[in-house]
């Protein structure tokens, strides 16, 4: 009887030690390196949620890749909504600081993206609450870079950083 209690106690101690090491490591990993998120809505169709409201894609979000606020035109990123800080949104980066962009819905108006900002848009124009509504977004609101679709299994793929040709900046800061 004493031996069985000793075995239970040793197992319990080992479990507790493992638990108190594994939980902080897992939380740090999910907070600083990668996590997964379900994409809701139609703003990123056809890239994400092509089936509309019938299905929701689940994407891998890479926090580590954006830790120095380094993004490229065409990247699909997650960011804190400029209008509702409680909400995260997912959009495509269209222009970076110094770029000049022609917003959708404004006739012959050009916008220069200020330093420390980016211009983001959903792929489904007219069904997206994006920079065409709220203007350039601070890089400080950047949350993560979406790299892969994980679910549903038939859509499992790497997300490419492709800038739609019709949405290229009028002038880029590199020119």
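Heads up, the Cβ atoms here are built off N, Cα and C, so glycines get one too.
Per TrEMBL, domain 'Peptidase S26' is recorded for 15-102, 111-151. The active site annotation in TrEMBL covers 43, 91.
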Measuring Cα to Cα, how many Å separate residue 91 (active site) from residue 43 (active site)?
8
Tally every other Cβ atom lying within 10 Å of the Cβ atom of residue 43 (active site).
23
Run through the domain 'Peptidase S26' (111-151) and tell me, per DSSP, how many residues are helix, strand and coil.
7 helix, 19 strand, 15 coil
Report, as a single number, how many Cβ atoms besides its own are within 10 Å of the Cβ of residue 91 (active site).
25
Quick one: mean pLDDT on the domain 'Peptidase S26' (15-102)?
85
